[in-house]
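Taken verbatim from Swiss-Prot:
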- SER75, PRO76, GLU77, TYR117, GLU250: substrate binding site (BINDING)
- ARG99, ASN100, LYS101, ASN108, GLU243, LEU244, GLY299: ATP binding site (BINDING)
Amino acid sequence: MKKKIWKSSASIEDLIKRSNIISNIRLFFSKKNILEVETPILSRSTVTDVHLTSFETNYISSDNIDELKLWLTTSPEYHMKRLLASESGSIYQICHSFRNKELGRYHNPEFTMLEWYQPFCSMKKFIKEIDIFLQIILKCNKSDKVSYQDLFIDFLKIDPLCANLLELHQISKKLKLDHLTHSENNLNKLIQLLFTLKIEPNIGKEKPLFVYHFPAEQASLAAINLKDPRISERFEIFFKGIELGNGFYELIDVNEQKKRFIRDNKERRSMNLPIRKIDNFFLSALSYGLPPCSGVAIGLDRLIMLILNKKSIHEVIAFPVDRC
């Protein structure tokens, strides 16, 4: 029988459940007096991160003379931080985000993101807040917490903050991964590969796990730890072998942020990727003054997939990319 691809890939029953879950999420934030905000999906700039590929489009004036390049946002992060600098206080947003070259069991080019920021909140305190959120929404047990360093030592018997390339290649060979790693000479990329292939699928099986203090090389937009410059104030959330969220105690130093953007673009050039225009609106907000804060981005489709006990996010989205 021919597949009815015009129909929703999620059942109507599951779409009703999805709607109820999102209502409960909004209720959670409403009870905490956290402001729900809306920011643009179109942006004049995009991310420099080498791991993200943005969708781009063009605005054309009514007389067809002027053209403005725009990007679909990979997350609402930069716009929400501009609101934080405008003294919005604690905020959250549920919105669609867009990432090219991402499609699979846990990926769709268009997906739903929950992003949440809490000013004057340490990473440790924010993790406790997110844990409460997960217990309420997922109806799960209290989470575990472990450092990135300790995970590597527990699983692979190696310290990622001290290891050299030779040691990592020896571990890769022992794990029979050398066919994937033998040509990799970037220490940080090799560490990330080992984490993705050998640690990530095996953590957070029974309850959510917060992995914190990622190496400084993987800081992204997180601050560097003041006591140990080898680590960042970045954390990720895993449950049942799936990455659910990514969070930071946020970098607020405009000069350091600009350096990271420039470094990203240098890496893009070395990888023959397009150089990205730096978001000067965002840098201006940092220059004006972003309050010390923590933030997290949670993949809402993945969260709902776990709640409804589905095997793919395509079972909880009405029209994924093959049906849109």
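Keep in mind that glycine also has a Cβ here, set from the backbone N, Cα and C atoms.
Locations of recorded Swiss-Prot features on the structure.
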residue: SER75; record: substrate binding site; contacts (Cβ under 8 Å, 6+ apart): SER97, MET113, GLU115, ALA297
residue: GLU77; record: substrate binding site; contacts (Cβ under 8 Å, 6+ apart): GLU115, LEU221, GLY295, ALA297
residue: ARG99; record: ATP binding site; contacts (Cβ under 8 Å, 6+ apart): LEU52, THR53, SER54, THR74, HIS107, PRO109, PHE111
residue: ASN100; record: ATP binding site; contacts (Cβ under 8 Å, 6+ apart): THR53, SER54, PHE55, PRO109
residue: LYS101; record: ATP binding site; contacts (Cβ under 8 Å, 6+ apart): THR53
residue: TYR117; record: substrate binding site; contacts (Cβ under 8 Å, 6+ apart): MET80, LYS81, LEU84, SER90, ILE91, TYR92, GLU250, CYS293, SER294, GLY295
residue: GLU243; record: ATP binding site; contacts (Cβ under 8 Å, 6+ apart): GLU200, GLU236, ILE237, GLY299, ARG302
residue: LEU244; record: ATP binding site; contacts (Cβ under 8 Å, 6+ apart): PRO208, ILE237, PHE238, ILE298, GLY299, ARG302, LEU303, LEU306
Where the record says SER75, PRO76, GLU77, TYR117, GLU250 bind substrate, what is the longest distance in Å from one Cα to another among those residues?
15
If you draw a 10 Å sphere on the Cβ of PRO76 (substrate binding site), how many other Cβ atoms land inside?
25
For substrate, residues beyond SER75, PRO76, GLU77, TYR117, GLU250 with C-beta within 8 angstroms of the site's Cβ centre include exactly TYR78, HIS79, MET80, LYS81, GLU115, GLY295, ALA297
